[in-house]
Amino acid sequence: MTKHVLVLGGDGIGPEVTAAAEAVLRTLDERHGLAIAFEHALVGGACFDATGQFITDDTMRRAKAADAVLFGSEGGPKWDSLELTGPPEARSGLTRLRRELELFANLRPIRPFDAMLSHSTLKPEVVKGVDFIIVRELCSGIYFGEPRGIERKSDGLLHGFDTQDYSEPEIERIAHAAFALARSRRKKLTSVDKANVMESGILWRRTVTRIGERHYPEVRLDHLYVDNAAMQIIRDPRQFDVIVTDNLFGDILSDGSAMITGSLGMLPSAALGAPREDGRRPGLYEPVHGSAPDIAGKGLANPLGAILSAALLLTHGLGRPDLAGLVEKAVGRALDDGVCTPDLGGRAGTSQVTAAVIEALGQI
Ligand code: NAD
Ligand code: IPM
Ligand code: MN
(Lines of atoms letter the chains of each structure in order from A and count residues from 1; the text may use other names and numbers.)
(Lines give C-alpha, C1' and ligand atoms only; values in the text may rest on other atoms or scores of the structure.)
(Ligands and ions follow the chains in the order given, each with its own letter.)
Protein backbone atom coordinates (compact mmCIF):
# COMPACT_ATOMS: atom_id res chain seq x y z
CA MET A 1 0.00 0.00 0.00
CA THR A 2 1.27 3.46 -0.87
CA LYS A 3 2.67 5.47 2.02
CA HIS A 4 2.15 9.21 1.81
CA VAL A 5 4.95 11.39 3.11
CA LEU A 6 4.29 15.14 3.11
CA VAL A 7 7.53 17.12 2.87
CA LEU A 8 7.38 20.64 4.35
CA GLY A 9 10.81 22.19 3.86
CA GLY A 10 9.94 25.60 5.24
CA ASP A 11 12.49 28.41 5.51
CA GLY A 12 16.24 28.98 5.55
CA ILE A 13 18.16 25.70 5.57
CA GLY A 14 14.89 23.75 6.03
CA PRO A 15 14.43 22.94 2.31
CA GLU A 16 18.16 22.13 1.99
CA VAL A 17 18.11 19.51 4.74
CA THR A 18 14.70 17.99 3.92
CA ALA A 19 15.90 17.47 0.33
CA ALA A 20 18.79 15.45 1.79
CA ALA A 21 16.45 13.39 3.99
CA GLU A 22 14.10 12.83 1.06
CA ALA A 23 16.99 11.65 -1.12
CA VAL A 24 17.92 9.05 1.51
CA LEU A 25 14.31 7.87 1.75
CA ARG A 26 14.06 7.65 -2.07
CA THR A 27 17.20 5.50 -2.17
CA LEU A 28 15.70 3.10 0.36
CA ASP A 29 12.37 3.17 -1.46
CA GLU A 30 14.01 2.09 -4.72
CA ARG A 31 15.90 -0.69 -3.01
CA HIS A 32 13.27 -1.99 -0.63
CA GLY A 33 9.99 -1.18 -2.40
CA LEU A 34 8.54 1.04 0.32
CA ALA A 35 6.03 2.55 -2.14
CA ILE A 36 6.43 6.05 -0.75
CA ALA A 37 4.53 8.85 -2.50
CA PHE A 38 6.16 12.18 -1.70
CA GLU A 39 4.09 15.35 -1.64
CA HIS A 40 5.37 18.87 -1.06
CA ALA A 41 3.89 22.08 0.28
CA LEU A 42 4.91 25.46 1.64
CA VAL A 43 5.10 26.20 5.34
CA GLY A 44 6.38 29.03 7.54
CA GLY A 45 7.57 32.35 6.14
CA ALA A 46 7.63 31.00 2.58
CA CYS A 47 3.95 30.13 2.92
CA PHE A 48 3.16 33.46 4.60
CA ASP A 49 4.68 35.37 1.70
CA ALA A 50 2.65 33.35 -0.80
CA THR A 51 -0.69 33.10 1.04
CA GLY A 52 -0.72 35.35 4.11
CA GLN A 53 -0.83 32.28 6.39
CA PHE A 54 1.98 30.23 7.89
CA ILE A 55 0.25 27.06 6.81
CA THR A 56 -2.89 26.69 4.68
CA ASP A 57 -6.00 24.67 5.55
CA ASP A 58 -5.31 22.52 2.50
CA THR A 59 -1.82 21.67 3.75
CA MET A 60 -3.25 20.91 7.20
CA ARG A 61 -5.70 18.48 5.57
CA ARG A 62 -2.90 16.80 3.65
CA ALA A 63 -0.78 16.57 6.80
CA LYS A 64 -3.63 14.87 8.67
CA ALA A 65 -4.13 12.39 5.83
CA ALA A 66 -0.41 11.60 5.38
CA ASP A 67 1.38 8.63 6.92
CA ALA A 68 4.13 10.99 8.02
CA VAL A 69 5.24 14.61 7.73
CA LEU A 70 8.89 15.39 7.06
CA PHE A 71 9.51 18.94 8.29
CA GLY A 72 12.52 21.22 7.82
CA SER A 73 12.34 24.44 9.82
CA GLU A 74 10.38 27.65 9.83
CA GLY A 75 11.06 31.24 10.66
CA GLY A 76 13.71 33.87 10.14
CA PRO A 77 14.34 37.54 10.87
CA LYS A 78 11.93 38.67 8.14
CA TRP A 79 8.92 37.02 9.81
CA ASP A 80 10.03 36.86 13.46
CA SER A 81 9.88 40.66 13.60
CA LEU A 82 6.27 40.89 12.33
CA GLU A 83 4.00 42.16 15.09
CA LEU A 84 1.41 39.41 14.93
CA THR A 85 -1.29 38.72 17.47
CA GLY A 86 -3.43 35.68 18.20
CA PRO A 87 -2.67 32.20 19.47
CA PRO A 88 0.64 30.57 18.50
CA GLU A 89 -1.18 28.35 15.99
CA ALA A 90 -2.01 31.47 13.97
CA ARG A 91 1.59 32.63 14.02
CA SER A 92 3.41 29.42 13.19
CA GLY A 93 2.69 26.53 10.84
CA LEU A 94 4.75 24.17 12.97
CA THR A 95 2.85 25.00 16.15
CA ARG A 96 -0.49 24.57 14.36
CA LEU A 97 0.63 21.19 13.03
CA ARG A 98 1.73 20.02 16.48
CA ARG A 99 -1.46 21.20 18.12
CA GLU A 100 -4.06 20.13 15.54
CA LEU A 101 -2.47 16.75 14.86
CA GLU A 102 -2.15 16.33 18.66
CA LEU A 103 1.53 15.46 18.41
CA PHE A 104 2.04 15.59 22.15
CA ALA A 105 5.08 13.31 22.49
CA ASN A 106 8.30 14.76 21.12
CA LEU A 107 11.20 12.29 21.14
CA ARG A 108 14.63 13.88 20.92
CA PRO A 109 17.37 11.23 21.06
CA ILE A 110 20.90 12.26 22.06
CA ARG A 111 23.47 9.78 20.82
CA PRO A 112 26.92 10.93 19.69
CA PHE A 113 28.71 9.11 16.88
CA ASP A 114 32.15 7.78 17.81
CA ALA A 115 33.86 9.70 15.00
CA MET A 116 32.59 12.96 16.48
CA LEU A 117 33.50 12.42 20.15
CA SER A 118 36.49 14.71 19.95
CA HIS A 119 34.37 17.39 18.30
CA SER A 120 31.97 17.69 21.23
CA THR A 121 32.53 20.73 23.42
CA LEU A 122 32.57 18.24 26.33
CA LYS A 123 35.49 15.85 26.88
CA PRO A 124 35.39 12.64 24.80
CA GLU A 125 35.44 10.50 27.95
CA VAL A 126 32.33 12.34 29.19
CA VAL A 127 30.30 11.91 26.00
CA LYS A 128 31.40 8.44 24.86
CA GLY A 129 28.50 6.00 25.09
CA VAL A 130 25.86 8.65 25.88
CA ASP A 131 22.43 7.41 24.81
CA PHE A 132 19.38 9.16 26.18
CA ILE A 133 16.09 10.44 24.85
CA ILE A 134 14.33 13.63 25.89
CA VAL A 135 10.55 13.17 25.81
CA ARG A 136 9.24 16.70 25.54
CA GLU A 137 5.54 17.48 26.00
CA LEU A 138 4.63 19.34 22.82
CA CYS A 139 0.97 20.39 22.82
CA SER A 140 0.51 22.32 26.03
CA GLY A 141 2.30 24.23 28.78
CA ILE A 142 3.42 27.82 28.50
CA TYR A 143 3.46 27.68 24.69
CA PHE A 144 -0.34 27.55 24.58
CA GLY A 145 -1.66 28.52 28.05
CA GLU A 146 -4.21 31.33 28.38
CA PRO A 147 -4.22 34.16 29.20
CA ARG A 148 -1.30 35.47 27.24
CA GLY A 149 -0.68 38.84 25.73
CA ILE A 150 0.92 42.23 25.88
CA GLU A 151 -1.43 44.66 27.62
CA ARG A 152 -1.47 47.80 29.69
CA LYS A 153 -2.77 46.74 33.09
CA SER A 154 -4.43 48.66 35.92
CA ASP A 155 -1.02 49.74 37.27
CA GLY A 156 -0.67 51.76 34.06
CA LEU A 157 2.27 49.67 32.91
CA LEU A 158 2.67 47.53 29.85
CA HIS A 159 2.81 43.81 30.77
CA GLY A 160 3.89 40.85 28.68
CA PHE A 161 2.50 37.63 30.13
CA ASP A 162 2.13 33.91 29.42
CA THR A 163 0.49 31.11 31.35
CA GLN A 164 1.98 27.75 32.21
CA ASP A 165 -1.00 25.40 32.45
CA TYR A 166 -1.05 21.60 32.44
CA SER A 167 -4.17 19.52 32.96
CA GLU A 168 -3.80 16.19 34.72
CA PRO A 169 -4.68 14.15 31.58
CA GLU A 170 -2.05 16.05 29.58
CA ILE A 171 0.59 15.05 32.12
CA GLU A 172 -0.72 11.49 32.26
CA ARG A 173 -0.43 10.91 28.52
CA ILE A 174 3.13 12.21 28.25
CA ALA A 175 4.07 10.21 31.37
CA HIS A 176 2.69 7.04 29.77
CA ALA A 177 4.66 7.71 26.58
CA ALA A 178 7.88 8.26 28.56
CA PHE A 179 7.45 5.30 30.91
CA ALA A 180 6.63 2.96 28.01
CA LEU A 181 9.77 4.13 26.21
CA ALA A 182 11.92 3.71 29.34
CA ARG A 183 10.48 0.22 29.86
CA SER A 184 11.70 -0.75 26.38
CA ARG A 185 15.20 0.61 27.15
CA ARG A 186 17.27 0.70 30.36
CA LYS A 187 14.21 1.21 32.59
CA LYS A 188 15.25 4.52 34.03
CA LEU A 189 13.10 7.64 33.79
CA THR A 190 14.08 11.11 35.00
CA SER A 191 11.22 13.59 35.28
CA VAL A 192 12.29 17.23 35.11
CA ASP A 193 10.18 20.05 36.54
CA LYS A 194 10.29 23.16 38.71
CA ALA A 195 8.07 21.83 41.51
CA ASN A 196 9.89 23.92 44.10
CA VAL A 197 8.47 27.09 42.54
CA MET A 198 5.61 26.28 40.17
CA GLU A 199 2.14 24.85 40.89
CA SER A 200 2.16 23.16 37.48
CA GLY A 201 5.42 21.52 38.55
CA ILE A 202 3.80 20.15 41.72
CA LEU A 203 0.97 18.57 39.72
CA TRP A 204 3.49 17.32 37.14
CA ARG A 205 5.59 15.57 39.79
CA ARG A 206 2.63 14.10 41.64
CA THR A 207 1.03 12.78 38.43
CA VAL A 208 4.21 11.27 36.96
CA THR A 209 4.88 9.53 40.30
CA ARG A 210 1.35 8.07 40.42
CA ILE A 211 1.48 6.80 36.82
CA GLY A 212 4.82 5.14 37.54
CA GLU A 213 3.70 3.46 40.77
CA ARG A 214 0.45 2.18 39.25
CA HIS A 215 1.54 1.12 35.79
CA TYR A 216 5.33 0.89 35.50
CA PRO A 217 6.76 -0.47 38.76
CA GLU A 218 9.71 -1.94 36.85
CA VAL A 219 10.90 1.53 35.75
CA ARG A 220 13.07 3.47 38.20
CA LEU A 221 11.80 7.03 38.47
CA ASP A 222 13.86 10.01 39.63
CA HIS A 223 12.88 13.68 39.76
CA LEU A 224 15.17 16.62 39.08
CA TYR A 225 14.57 20.34 39.16
CA VAL A 226 15.30 21.76 35.72
CA ASP A 227 18.25 23.89 36.83
CA ASN A 228 19.98 20.87 38.34
CA ALA A 229 19.01 18.77 35.29
CA ALA A 230 20.76 21.25 32.97
CA MET A 231 23.92 20.91 35.07
CA GLN A 232 23.70 17.11 35.35
CA ILE A 233 23.41 16.74 31.56
CA ILE A 234 26.70 18.59 31.17
CA ARG A 235 28.37 16.93 34.19
CA ASP A 236 27.59 13.30 33.46
CA PRO A 237 25.22 12.74 30.54
CA ARG A 238 25.66 8.95 30.68
CA GLN A 239 23.52 8.80 33.83
CA PHE A 240 20.35 9.39 31.77
CA ASP A 241 18.16 6.93 29.88
CA VAL A 242 14.84 8.74 29.30
CA ILE A 243 14.08 12.30 30.43
CA VAL A 244 10.47 13.50 30.47
CA THR A 245 9.73 17.19 30.76
CA ASP A 246 7.41 19.99 29.75
CA ASN A 247 7.25 21.93 26.50
CA LEU A 248 9.59 24.82 27.37
CA PHE A 249 12.13 22.93 29.50
CA GLY A 250 12.32 20.23 26.79
CA ASP A 251 13.01 22.84 24.13
CA ILE A 252 15.89 24.33 26.10
CA LEU A 253 17.43 21.11 27.40
CA SER A 254 17.49 19.58 23.93
CA ASP A 255 19.46 22.41 22.27
CA GLY A 256 21.92 22.27 25.18
CA SER A 257 22.22 18.49 24.92
CA ALA A 258 22.96 18.80 21.21
CA MET A 259 26.53 19.81 21.97
CA ILE A 260 27.16 16.30 23.32
CA THR A 261 26.92 15.19 19.67
CA GLY A 262 29.16 18.03 18.44
CA SER A 263 26.50 20.14 16.70
CA LEU A 264 22.89 21.22 16.89
CA GLY A 265 22.76 20.10 13.25
CA MET A 266 23.01 16.45 14.38
CA LEU A 267 19.83 16.17 16.45
CA PRO A 268 16.73 14.49 15.02
CA SER A 269 13.24 14.42 16.47
CA ALA A 270 9.88 12.71 16.15
CA ALA A 271 6.65 14.37 17.26
CA LEU A 272 4.07 11.63 17.79
CA GLY A 273 0.37 11.49 18.56
CA ALA A 274 -1.70 8.66 19.98
CA PRO A 275 -2.23 5.68 17.64
CA ARG A 276 -5.43 6.09 15.59
CA GLU A 277 -8.17 3.47 15.31
CA ASP A 278 -6.57 2.04 12.16
CA GLY A 279 -3.33 1.56 14.14
CA ARG A 280 -1.46 4.36 12.35
CA ARG A 281 0.28 6.89 14.54
CA PRO A 282 0.35 10.52 13.41
CA GLY A 283 3.90 11.76 13.27
CA LEU A 284 6.00 14.74 12.23
CA TYR A 285 9.74 14.25 11.85
CA GLU A 286 12.14 17.17 11.92
CA PRO A 287 15.65 18.12 12.96
CA VAL A 288 15.77 19.96 16.28
CA HIS A 289 17.57 22.97 14.80
CA GLY A 290 15.97 26.01 13.22
CA SER A 291 16.29 27.74 9.87
CA ALA A 292 19.89 28.92 10.56
CA PRO A 293 19.65 32.20 8.59
CA ASP A 294 23.41 32.72 9.05
CA ILE A 295 24.26 29.78 6.77
CA ALA A 296 21.09 29.44 4.65
CA GLY A 297 21.57 29.24 0.88
CA LYS A 298 25.29 28.46 1.16
CA GLY A 299 25.06 24.68 0.85
CA LEU A 300 26.80 24.30 4.22
CA ALA A 301 23.96 23.05 6.42
CA ASN A 302 24.54 19.80 8.21
CA PRO A 303 21.85 17.46 6.82
CA LEU A 304 22.40 14.70 9.38
CA GLY A 305 19.75 15.86 11.89
CA ALA A 306 17.21 15.73 9.07
CA ILE A 307 18.54 12.40 7.74
CA LEU A 308 18.36 10.90 11.23
CA SER A 309 14.81 12.29 11.49
CA ALA A 310 14.04 10.30 8.33
CA ALA A 311 15.34 7.27 10.24
CA LEU A 312 12.82 8.02 13.02
CA LEU A 313 10.16 8.31 10.29
CA LEU A 314 11.11 4.84 9.06
CA THR A 315 10.72 3.44 12.57
CA HIS A 316 7.61 5.20 13.82
CA GLY A 317 5.86 6.21 10.58
CA LEU A 318 6.58 3.31 8.24
CA GLY A 319 7.19 0.47 10.68
CA ARG A 320 10.72 -0.21 9.36
CA PRO A 321 13.16 0.04 12.30
CA ASP A 322 15.48 -2.28 10.34
CA LEU A 323 15.93 0.38 7.65
CA ALA A 324 16.30 3.09 10.28
CA GLY A 325 19.22 1.08 11.65
CA LEU A 326 20.80 1.05 8.18
CA VAL A 327 20.51 4.84 7.92
CA GLU A 328 22.16 5.30 11.32
CA LYS A 329 24.98 2.96 10.29
CA ALA A 330 25.43 4.82 7.02
CA VAL A 331 25.67 8.14 8.85
CA GLY A 332 28.31 6.59 11.12
CA ARG A 333 30.28 5.40 8.09
CA ALA A 334 30.22 8.80 6.40
CA LEU A 335 31.49 10.39 9.61
CA ASP A 336 34.13 7.67 10.04
CA ASP A 337 35.36 8.62 6.55
CA GLY A 338 35.70 12.22 7.72
CA VAL A 339 32.89 13.56 5.53
CA CYS A 340 31.14 16.29 7.51
CA THR A 341 30.05 19.93 7.33
CA PRO A 342 31.89 22.89 8.92
CA ASP A 343 29.80 22.85 12.11
CA LEU A 344 31.53 19.53 12.83
CA GLY A 345 34.91 20.82 11.76
CA GLY A 346 34.68 19.40 8.23
CA ARG A 347 34.94 20.83 4.74
CA ALA A 348 32.09 19.04 3.00
CA GLY A 349 28.87 20.70 1.92
CA THR A 350 25.30 19.47 2.43
CA SER A 351 25.23 17.61 -0.88
CA GLN A 352 28.60 15.88 -0.33
CA VAL A 353 27.54 14.63 3.09
CA THR A 354 24.23 13.41 1.67
CA ALA A 355 26.02 11.63 -1.18
CA ALA A 356 28.40 9.99 1.31
CA VAL A 357 25.49 8.68 3.38
CA ILE A 358 23.74 7.34 0.27
CA GLU A 359 26.97 5.71 -0.91
CA ALA A 360 27.50 4.12 2.51
CA LEU A 361 23.92 2.80 2.41
CA GLY A 362 24.83 0.93 -0.76
CA GLN A 363 27.80 -0.73 0.98
CA ILE A 364 25.97 -1.94 4.09
P1 NAD B 1 18.98 27.86 14.72
O2 NAD B 1 18.82 26.46 15.22
O3 NAD B 1 18.38 28.16 13.40
O4 NAD B 1 20.55 28.19 14.65
C5 NAD B 1 21.39 28.24 15.80
C6 NAD B 1 22.85 28.09 15.38
O7 NAD B 1 23.08 26.73 14.99
C8 NAD B 1 23.23 28.93 14.18
O9 NAD B 1 24.55 29.37 14.32
C10 NAD B 1 23.14 27.97 13.01
O11 NAD B 1 23.98 28.27 11.92
C12 NAD B 1 23.53 26.65 13.66
N13 NAD B 1 22.87 25.53 13.00
C14 NAD B 1 21.58 25.15 13.15
N15 NAD B 1 21.29 24.11 12.38
C16 NAD B 1 22.42 23.80 11.71
C17 NAD B 1 22.75 22.83 10.73
N18 NAD B 1 21.86 21.93 10.30
N19 NAD B 1 24.01 22.82 10.25
C20 NAD B 1 24.93 23.70 10.69
N21 NAD B 1 24.68 24.65 11.61
C22 NAD B 1 23.43 24.71 12.10
O23 NAD B 1 18.40 28.81 15.86
P24 NAD B 1 18.10 30.40 15.85
O25 NAD B 1 19.21 31.10 15.12
O26 NAD B 1 17.82 30.73 17.23
O27 NAD B 1 16.76 30.56 15.02
C28 NAD B 1 16.69 30.93 13.65
C29 NAD B 1 15.24 30.84 13.19
O30 NAD B 1 14.78 29.49 13.22
C31 NAD B 1 14.27 31.63 14.07
O32 NAD B 1 13.30 32.20 13.23
C33 NAD B 1 13.63 30.57 14.95
O34 NAD B 1 12.35 30.90 15.40
C35 NAD B 1 13.59 29.41 13.99
N36 NAD B 1 13.56 28.07 14.62
C37 NAD B 1 12.78 27.15 14.01
C38 NAD B 1 12.77 25.86 14.48
C39 NAD B 1 11.91 24.84 13.80
O40 NAD B 1 11.34 25.12 12.78
N41 NAD B 1 11.79 23.66 14.34
C42 NAD B 1 13.60 25.50 15.56
C43 NAD B 1 14.40 26.48 16.15
C44 NAD B 1 14.38 27.78 15.66
C1 IPM C 1 11.80 23.63 18.26
C2 IPM C 1 11.68 25.12 18.00
C3 IPM C 1 10.23 25.55 18.14
C4 IPM C 1 9.84 25.37 19.58
C5 IPM C 1 9.90 26.98 17.68
C6 IPM C 1 10.38 27.25 16.29
C7 IPM C 1 8.42 27.23 17.78
O8 IPM C 1 12.54 25.84 18.79
O9 IPM C 1 11.14 22.85 17.58
O10 IPM C 1 12.59 23.24 19.12
O11 IPM C 1 10.14 26.21 20.44
O12 IPM C 1 9.18 24.37 19.86
MN1 MN D 1 13.93 24.58 19.89
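Keep in mind that glycine also has a Cβ here, set from the backbone N, Cα and C atoms.
According to TrEMBL, the feature domain 'Isopropylmalate dehydrogenase-like' maps to 4-357.
According to TrEMBL, the feature NAD(+) binding site maps to 76-89, 290-302. Here P88 (NAD(+) binding site) comes close to T95, R99, Y143, F144: these same-chain residues lie at least six apart in sequence, with C-beta atoms under 8 angstroms from its C-beta.
Residues or ranges marked as substrate binding site by TrEMBL: R98, R108, R136, D227. Secondary structure at R108 (substrate binding site), taken from DSSP and collapsed to helix, strand or coil, is strand.
A helical conformation is recorded for Y143 (site 'Important for catalysis') in the three-state DSSP classification. Here TrEMBL flags Y143 (among others) as site 'Important for catalysis'.
In the structure as shown, the Cβ atom of K194 (site 'Important for catalysis') sits within 10 Å of 20 other Cβ atoms. Residues annotated as site 'Important for catalysis' in TrEMBL: K194 (among others).
Annotation source TrEMBL lists Mg(2+) binding site at D227, D251, D255. For D251 (Mg(2+) binding site), the count of additional Cβ atoms within 10 Å of its Cβ stands at 18 [all protein chains shown].
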R136 (substrate binding site) versus D255 (Mg(2+) binding site) - Cα distance in angstrom: 12
Distance-selected recorded positions near ligand 2 (C-beta under 6 Å), from G76, P88, K194, D251, L300: D251
Of D80, L84, R136, A296, L300, i.e. the binding-site residues, those within 10 Å of D251 (Mg(2+) binding site) when Cα atoms are compared: R136
Cβ contacts of L300 (NAD(+) binding site) (under 8 Å, same chain, 6 or more positions away): T341, P342, D343, G349, T350
Nearest of the recorded positions (R98, R136, K194, D227) to G76 (NAD(+) binding site) - Cα to Cα: R98
